[in-house]
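Engineer: Supplied in structure tokens, the structure appears directly below.
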Amino acid sequence: MITISKWKCSWSLMATIASIVALVSVVHLFLFPVVPSFDPFSVRKVQDSCGPNNESVDGRTGHDLGNLQPVLDLEHKFPADLHRAVVYRNAPWKAEIGRWLSGCDAVTKEVSVVETISGRSCKNDCSGQGVCNYELGQCRCFHGFSGEGCFERLHLECNYPKSPELPYGRWVVSICSAHCDPTRAMCFCGEGTKYPNRPAAETCGFQLSLPSEPGAPRQVDWAKPDLDIYTMNKSKLGWCNVDPAEGYANKVKFKEECDCKYDCLSGRFCEVPVQCSCINQCSGHGHCRGGFCQCANGWYGTDCSIPSVTSSVREWPQWLRPAQLDVPDNAHLTGKLVDLNAVVKKKRPLIYVYDLPPKFNSLLLEGRHFKFECVNRLYNDNNATIWTEQLYGAQMALYESILASPYRTLNGEEADFFFVPVLDSCIITRADDAPHLSMESINQAEGFLCKLSIAAYFPMYEKQHLGLRSSLTLEFYRKAYNHIVEHYPFWNRSSGRDHIWSFSWDEGACYAPKEIWNSMMVVHWGNTNSKHNHSTTAYWADNWDKISSDRRGKHPCFDPDKDLVLPAWKRPDVNALSTKLWARPLEKRKTLFYFNGNLGPAYPNGRPEALYSMGIRQKLAEEFGSTPNKDGNLGKQHAENVIVSPLRSENYHEDLASSVFCGVMPGDGWSGRMEDSILQGCIPVVIQDGIYLPYENVLNYESFAVRILEDEIPNLIKILQGFNETEIENKLTSVQKIWQRFLYRDSMLLEAERQKTAFGYVEDWAVEFLRLTEDDVFATFVQDKSTFPRLWFSQKEFDRMLTSHFH
């Protein structure tokens, strides 16, 4: 029996205990379920040293291991400041976490990891219609293809079954009166037209009625095709035969409702082929076909970043280099491809990324009907990067950073964490894209396609979802869980506690299936359900209250002991960066409090639902509204230096940078107001009880933010006026130290490097981001994950870990 009382900050040893820690935590959760109560200063239980707790849960003490260094007394070496924070890498962390990072993470050493480079073949080489996963020997088939060797061609209809009243079926995003491409369920002009590959999607192909009143939109008649889109008459509103040159010169009329909504095409008439948007743009080892990476021979993975044994070592990604190769002595005798072992030096934590079947990611990207959905960038006519305002783009950014990270490993036995890449941002936005991607059961849709083929292609639609996108999404995650349990051994070693799932939608992991709740959830919505213990969205299709507990379980939306709220995606703003709005001093911030956004039904164009923002924004406007509502009234306590307005600001970032305090409140779930505030150097004022903001369970919010209870809204201004100038300056200084942790700089620099390789130069946005040096979102994510092995565990489990580790 190996005994221990003192040991050093050793990741190689500590990472080994992570699964034991997780298992103990799972048992505890099942035996002693906890009803979360909100405490803005709560933190995961941690130790005051880099080693395990010497006093076990059953009262036995640890034992000695002579060759390990003495434990570091972190509490005395790294004392907390007046706000109970410990600073690490310029950020104020909660004391226990800051101490651990300062004393342990800072001295992490490299370990040697054996990475297996695989060479299993796939049936018929996937028939040229898919990518071979050389680790599993399984094909990842492109959109419209299925089967073991991708030999089965699917027929994906654009339209639902027709009826006498609706000859093209009821409305769906893919509805088509022209030519339907059955491999993607997309609508094009088709043969017989001058431009057969020009999209003729949705409204484009149907007749429009005149507006019912001035300024109102025209109504679409989904039963009547618009045959004028095929006209050769230049005086009619054509489309499929319109010459782009004549269109740009206004020599011909064309239908304004027709546009270039599909990816990979640009120009007003879709005449310019451009780069499609793929994960990491296929890493230079493949071709992006509408969102799905068609990898070059010898490469695989969602972003073509994993080499097989037939790849060139010189082209291996940085996270696999430099590598010491171990080639079996008898490799030349077998005449078959054999796996290679490559020894690579890495720092923990090590993250294994599942190469899931493409229905969970790549197919969702390839088949999307609006090119702005799911992704955070597109490409213009010159293939220059266009960053989008896509609110849910953080999911793609995080995924790309993990895939290209030096912390990535192919060795699941050595991995500390396992990332499961399901793209819920695509599932939600595509819930009504096409008949094959529907919230209805297959039985209801019988007749519009081959039932057996589609059941094999999208097996998660075997249940009716009552029109709830939340229910549909839950089913995707449950199917992903079933897949990794069936095909990989890693889940059972910790009951999933070392697995990471990303939920980007409005209410985060509220609708996570019960099977995966032991895992770590990365979300934008940290609702502990301690106060708001039901669905908080005002949009009925995303409500999760009606999802059966047999499927969802009874878990909260967020558990601060294991989960993490990450910042939402914000489009790079070159002007804000170059003018350093985040650094604007206090004397130039003339507005005491600022909030600009939807304030609900009391205002023109406001959200009509009383439940919107859980009523929080409405309460704020009732007290401090600076713009007249529908009745012409201002807030009861409106003041000159307080702005609470629903009117869209023409200089939003400038207004934020001119304010001392900025409001952070929910919308339909999370909103991006925290990110807006921090990125413009404004002190965030958080008003959402029991709901965590980005990093709130790890960073010390008292250092840079203000939290006010919802019931204290009438006292908001008095509370803010109670801070003296020194306290305000200190908070502003802290905001200026952490603002880069709210940027997805790593993902953006990956794109900058790709563009530099392609064009030999970088654009203005890249120049500004290259000047930044502080830790960003991904660095903070890794730092958070590096602290998990410090959780409490029993001596019994630790002894078992030691026996396994040393034998």
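Cβ coordinates come from backbone N, Cα and C, glycine included.
When I checked TrEMBL for this same protein, it listed these features:
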- C122-C132: disulfide bond (DISULFID)
- C141-C150: disulfide bond (DISULFID)
- 118-151: domain 'EGF-like' (DOMAIN)
- 12-35: transmembrane segment (TRANSMEM)
Engineer: Between C150 (disulfide bond) and C132 (disulfide bond), find the distance joining the two CA atoms and give it rounded to the nearest Å.
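Structural biologist: Here the two Cα atoms lie 10 Å apart.
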Engineer: What mean pLDDT score does the domain 'EGF-like' (118-151) have in the model?
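Structural biologist: Per the prediction, mean pLDDT sits at 95 for the domain 'EGF-like' (118-151).
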Engineer: Tell me the Cβ contacts of C122 (disulfide bond) under 8 Å, same chain only and six or more apart in sequence, or just say none.
Structural biologist: G130, C132, N133, Y134, G137, Q138, C139, G149
Engineer: Using all protein chains in view, find how many other C-beta atoms are within 10 Å of the C-beta of C150 (disulfide bond).
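Structural biologist: Looking across every protein chain shown, the total is 24.
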Engineer: With an 8 Å cut-off on Cβ-Cβ distance and a minimum sequence separation of at least 6, pull the same-chain contacts of C141 (disulfide bond), or say none.
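Structural biologist: Within the chain, C141 (disulfide bond) has Cβ neighbours under 8 Å at C126, Q129, G130, G147, C150, P358.
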Engineer: Give me the count of other Cβ atoms within 10 A of the Cβ belonging to C132 (disulfide bond).
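Structural biologist: Around C132 (disulfide bond), other Cβ atoms within 10 Å: 25.
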Engineer: Could you give me three numbers for the domain 'EGF-like' (118-151), the DSSP helix, strand and coil residue counts?
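Structural biologist: The domain 'EGF-like' (118-151) comes out at 6 helix, 10 strand, 18 coil.
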